[in-house]
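Participant: Got a structure here, written out as structure tokens. Questions coming.
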Amino acid sequence: MTGEGTDAATGEPVLHLAYATPDLAALGWRPHFTAQLDAEEYTARAPVRVLTINRSGLTVRGAELHGHAPPVPDARGGPATVGDWLLVDPETLRPVRLLERFSLIARRAPGSDRERQLIAANIDTLFIATSCNQDFNPARLERYLALARGAGVTPVIVLTKADLSDDAQALVPEAEALSPGLIVEILDARDRTAAQRLAPWCGKGQTVGIVGSSGVGKSTLIATLTGEALATQGIREDDARGRHTTTRRQLHRLPGGGWLLDTPGMRELQLTDAAEGLAEVFADIAELAAACRFRDCRHRTEPGCAVQAAIGDGTLDPARLARWRKLAAEDSHNSASLAERRARDKQFGKMVKRVTKGKPNRR
Ligand SMILES: Nc1nc2c(ncn2[C@@H]2O[C@H](COP(=O)(O)OP(=O)(O)OP(=O)(O)O)[C@@H](O)[C@H]2O)c(=O)[nH]1
Ligand SMILES: [Zn+2]
């Protein structure tokens, strides 16, 4: 990993082979990450991807390296989550730097108004699973869609249990109508041909996540996509005391060369800082709102309200407007709490600076 090389013309260190190996690309490495490295990092550091996180540490994997890194990465750039890329010391696997992500899924930490919990990083596609027979719920889907768009991840709606409902196909246009350009696939999650339908998002170096309510068929779909039996999805690992414990695998290898992420945190997601995602999912309402007479129109009883006009002439479903209001309110509540905390942290930082002012080793 630590080979050297210089460009004959410039004398500059050149990209070490390790950064261009098919192995690294297969793990999801791409130019976005190469562009972040400086010359020293090219030669003295190794990139690894975080596969699992638990109390005993991180499981990481690079082109020629894999193993356990310390539990709390003191890497520059902040704490890591599953799917992250870290630069490590190749000898010790100690994380040195967390690379900037191209996507990040986070949620409001359970039981807290203020904490943000990182769920997954560097995901390309989010499979939003919902079943055709009972679970189909536009409000829930919009919530997931806003989350995906806000995180920078491409959403794909996967309607499962197509075999259990006679008019399953009718749900496809209904789902497609939820957001402009939305991709919807309908399938029987137990059927191997399902894996082929989803292959475009499961190719080499691609990472997909999967969300959806309990019982919609996530585990079934994972088994079908990975080709593994359901029972083997847990893996036996040595814990800190050397005992075997069964933990759920978090990043699954897909036969097409992709990675499928399944963490417990992904199973119950809330909106945090998803304002951008909301605007994209509800682009139709945003567009209407732009035509309202008043810029701060609340779309209730104001004169010249284009949103109410669209409801009046039947082009906008009032239920969709109601769902948008609810999500927007939830999001602004969560974002406000976070902003409050950040402001407080900033105050604290200033105080620390004041206290340490004049001390010799202050940066
Ligand atoms: N007929 C039919 N059954 C399905 C399909 N997908 C899942 N099932 C069944 O539905 C049940 C629940 O599926 P799971 O895969 O465990 O659902 P899950 O989303 O992982 O549920 P949690 O683990 O609770 O989050 C199982 O009995 C599956 O066999 C499908 O497409 N068609
Ligand atoms: Zn209005």
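The backbone N, Cα and C atoms fix where each Cβ goes, and this holds for glycine too.
Heads up, TrEMBL stuff is auto-annotated, nobody curated it.
Dumping what TrEMBL says about this protein:
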{"type": "BINDING", "residues": "THR160, LYS161, ALA162, ASP163, GLY212, SER213, SER214, GLY215, VAL216, GLY217, LYS218, SER219, THR220", "note": "GTP binding site"}
{"type": "BINDING", "residues": "CYS292, CYS297, HIS299, CYS305", "note": "Zn(2+) binding site"}
{"type": "COMPBIAS", "residues": "330-348", "note": "compositional bias 'Basic and acidic residues'"}
{"type": "COMPBIAS", "residues": "351-363", "note": "compositional bias 'Basic residues'"}
{"type": "DOMAIN", "residues": "115-269", "note": "domain 'CP-type G'"}
{"type": "DOMAIN", "residues": "121-267", "note": "domain 'EngC GTPase'"}
{"type": "REGION", "residues": "330-363", "note": "region 'Disordered'"}
Participant: So what sits near GLY212 (GTP binding site) in its own chain, CB-to-CB under 8 Å and at least six residues off in sequence?
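Facilitator: Spatial neighbours, sequence-distant, of GLY212 (GTP binding site): PHE127, ILE128, ALA129, THR130, ASP135, TYR144, VAL158, LYS218.
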Participant: Roughly how many Å separate the Cα of HIS299 (Zn(2+) binding site) from that of THR220 (GTP binding site), to the nearest whole number?
Facilitator: 43
Participant: According to DSSP, does THR160 (GTP binding site) fall in a helix, a strand, or coil?
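Facilitator: Assignment for THR160 (GTP binding site) reads strand.
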Participant: What does the structure give for the C-alpha distance between CYS292 (Zn(2+) binding site) and THR160 (GTP binding site)? Integer Å is fine.
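Facilitator: That separation, Cα to Cα, works out to 39 Å.
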Participant: If you check the binding-site residues THR160, ALA162, VAL216, THR220, HIS299, CYS305 one by one, which have a CB less than 6 Å away from any atom of ligand 2?
Facilitator: HIS299, CYS305
Participant: Of THR160, VAL216, CYS292, CYS297, HIS299, listed as binding-site residues, which ones have a Cβ less than 6 Å away from ligand 1?
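Facilitator: The qualifying binding-site residues are THR160, VAL216.
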Participant: In sequence order, which same-chain residues at least six apart have a C-beta under 8 angstroms from CYS297 (Zn(2+) binding site)?
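Facilitator: Non-local contacts for CYS297 (Zn(2+) binding site): ALA289, GLY304, CYS305, VAL307.
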Participant: Neighbourhood of the Zn(2+) site (CYS292, CYS297, HIS299, CYS305): other residues with Cβ within 8 Å of the Cβ centroid, in order?
Facilitator: LEU288, ALA289, ARG293, PHE294, ARG298, ARG300, GLU302, GLY304, ALA306, VAL307, GLN308
Participant: For ALA162 (GTP binding site), which residues of its chain lie six or more apart in sequence with Cβ-Cβ distance below 8 Å?
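Facilitator: CYS132, ALA168, GLN169, ILE186, LEU187, ASP188 - these are the non-local Cβ neighbours of ALA162 (GTP binding site), listed in sequence order.
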Participant: State the count of C-beta atoms found within 10 angstroms of the C-beta of LYS218 (GTP binding site), not counting that atom itself.
Facilitator: 21
Participant: Please give the average pLDDT for the domain 'CP-type G' (115-269) in this predicted model.
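Facilitator: Per the prediction, mean pLDDT sits at 84 for the domain 'CP-type G' (115-269).
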Participant: Who sits close to VAL216 (GTP binding site): which same-chain residues at least 6 apart have their Cβ under 8 Å from its Cβ?
Facilitator: ALA129, THR130, SER131, ASP135, THR160, LYS161
